Structures are given as C-alpha cells and as structure tokens.
Amino acid sequence: MAIHSQEQADSTTDLLQPEERYNNTLPSPTKDHHCRRFLEILSYICLFLGTVVASVLSRFYFQHGGSNRWLATLVQSAGFPLFLLPVFLSPSSTSRRCFNLPRHLFLLSLVLGILLGINNLLVSCGTSYLPVSTSSLLLSTQLAFTLVLSAVIVQIPLTFTNLNAVILITLSSLLLAFQKSSGGDKLPGESWTQYYLGFAATLGAAFMFAAYLPVMEIVYRGVDSFRMVMEVQFVMEAAATALSATGMAMTMDDWKENWDLGPTAYWIVLGATVLSWQLCFMGTAGTIYLTSSLHSGICMTALLPINVMAGVFIFGDDLGPEKIVAVVLCVWGFASYLYGESKKNEDDVIKGHAENKGVVDSVERKHGSVDAAVENV
C-alpha cells in the first residue's frame, strides 16, 4: 500500500504546483523576444526614413535635369549588396549556411525580382511626370489595393475600419483626378499626354506594389529566420537590377543628362538615392515578415502627409484645396485603421486573460482532486 501511494504521489508531481506549471508556459522576456522587438523597431526606422528620402531624391533628380528613367529605375535596386550586412549580422534559428535557399524559393525570388523591376520602372515614370506630392497621394491607393488583395490572397478578415480606410483613401485619389481634369498642377513644359502617362504609371505601380506585399507575406511564411528574409530580398533586388541595367544599356544612346548642379552633386544625389531605396526595401521586408503585409502598407500610408509637405516646401508644389482635402481623407482613413486595430488588440488581450484564467482554474481544480485522492489512499 505504501509503494502504491508513493507511485501515485510521484505520478502527480507535475500537478502539485499548478501556478508554477502554468506560469512556466507563459511567454517571458527572452533574448529572442528582445531581438525581435529590436528588429521591428529597426524595420520601422528604415521604412519611414527610406520612403520619405527616396521619394524626395527621386523627384530631385528629375527636377535638376536628370532625364534617364532607366537610371532612376536602376538606383532603386542597385544597392542590393547592402543586404549582405543584415544577412551576416541577423541571427538564424538553424545552422543553415548563408545563401543556401531552396531551389523553388530561389527561382520564385528571381521571378518576383523581375516584377519588382517593372514596378520600379513605373515608379520612375510617375516621378518624372508628376509633382512629388501628387505622386505620393496616388501611391497611397496601394492601401486600398493591399487590403483587397490581402483579403483574397492572405485571407485577412475585412472589418468596418478597414473598409472605411479604403473608401476614404480611394476618394482622395478620385479627388486628385478631378483636380487634374480641371487644369491641376501639371509640371512646366509637360504635355497632357505625359501627365496622364505619369498618372497611369503611378496607379499601376501602386497596384503592383499592393500585390507584392501580400505575396511576400506568403513567401516569408516559408522562411525560418530574419536572415533568410534578407537573402530572399537580396536575390529579388539583384534580379531587378539586372532588368534595369539591361534596359539602360539598350537605351544608352537615346538620352543625355542636363544636370544643372555639377558632377559632385550629381553623384551624391545618386548615391543617397541608392541608399534610401535600400532602407525602404529593408524596412518593407522587415515589417512584412515581423507583422503583416497590410500593416506594412498602413505604415507607408502614414508617411503621406510628410511626402506631400516635402513636395510643397522643397519643390514648390501647388497645395490647392483639393490636395488638402485629399490629405485629410488619407489621414482620416489611416486614423480609422489604427483605431480599429487598437480596439481589436484590446479585445484580444481581454479574451486572452479570460482564457488564461480558465486554464489556471482548471489546473487548480485538478490539483485539488489529486490531493484528495492521495490523502484517501
């Protein structure tokens, strides 16, 4: 009987301290958790800084005599060797060697890289024909495209706040279109054909990039570390660079730069543009991997007022009433999304606490019943 009682006591050891057993299953601040938070913050910084600076410098290039759209496309991805830095510094959850991507992932990265190069060309065309404030407002439509495509591809649930954000941002773009049809802010010396070409190219870039975000979210679900994300991005940027370099080589005799600030400023602007675009892409990849494609698109939309005001103060873009209303609509839509997300997070926390309390109560009840059984024996 004593032996039987000892066996029962041993078999219930795991239940003798239910609070400790439960608390051990809760997430605690670990080195991996802190590393993830650091990567998130770094990704936000790269995304915000890179997006704003890249849009301003890209327009600055054309504003001061730059004319090669293939070169403007090339600088968006030519800094891909910079991805080697996060590749070798980022931790990995496995012992896998660097740049040992599975064959299917490598080929997929090449295809996506070619599509990214086409998207970069559309961005260059839009930037060359439109004021930076107008192109920024048009690119904000990517949020509407991203939400719809995320619902279809990634199956993100649609909510009232999501749909409200999409409607408001779409209305802001329609407002810009009506402004243009009534004589808007066409650049000096630009034909209406060129203007509408830039308008269409920018909308096309917004749609392609919106599709890029949820597709990359699915791709990143198949990677095992942040380092592998940077490796995928490296391959994509290299493929985009090859495409733009080929286009530039084929049209080398058809352009001539009329840069008006001297050769030193020319190369400084190009170098800074290369760096800023890589920060933008690093931040985009990081936020998609660590959060979601929709969240990444929302963060880019949050920069809209900064881009618009930069165009007004740096390049003297017209800030008419239609553009002001468009900015207000975009900010309103962005605020609506943030409010919906905050409420959702609060509900999730409350629900999580309720579930955790239920688990603790269940374990304590089982502990009490086992103690009673041991005493009876």
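These residue numbers are counts, starting from 1, taken along the chain as shown.
Every residue gets a Cβ built from N, Cα and C, even glycine.
Where the annotation comes from TrEMBL, it is an automatic prediction and has not been curated.
Feature annotations, courtesy of TrEMBL:
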- 1-15: compositional bias 'Polar residues' (COMPBIAS)
- 1-28: region 'Disordered' (REGION)
- 41-62: transmembrane segment (TRANSMEM)
- 74-93: transmembrane segment (TRANSMEM)
- 105-130: transmembrane segment (TRANSMEM)
- 136-156: transmembrane segment (TRANSMEM)
- 163-181: transmembrane segment (TRANSMEM)
- 193-213: transmembrane segment (TRANSMEM)
- 234-252: transmembrane segment (TRANSMEM)
- 264-290: transmembrane segment (TRANSMEM)
- 297-316: transmembrane segment (TRANSMEM)
- 322-340: transmembrane segment (TRANSMEM)
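Between the transmembrane segment (193-213) and the transmembrane segment (74-93) there are fewer than 3 Cβ pairs closer than 8 Å, counting only pairs 6 or more residues apart in sequence, which means the two stretches are not in contact. Among the recorded stretches 41-62, 105-130, 234-252, 264-290, 297-316, the one sharing the largest number of Cβ pairs closer than 8 Å with the transmembrane segment (136-156) is 297-316. Listed as Cβ neighbours of the transmembrane segment (234-252) (distance under 8 Å, sequence separation of 6 or more from its ends, same chain) are residues 68, 70-71, 73-74, 76-80, 83-84, 87, 99, 101, 106, 109-114, 116-118, 120-121, 278, 281. Sequence-distant residue pairs (6 or more apart) of the transmembrane segment (105-130) and the transmembrane segment (322-340) include fewer than 3 whose Cβ atoms are under 8 Å, leaving the two stretches without contact. The list of residues near the transmembrane segment (74-93) in space but at least 6 beyond its ends in sequence, with Cβ under 8 angstroms from a Cβ of it, reads 35, 39, 54, 99, 116-117, 120, 123-124, 224-228, 230-231, 233-234, 237-238, 240-241, 244-245, 248, 270, 273-275, 277-278, 281-282.
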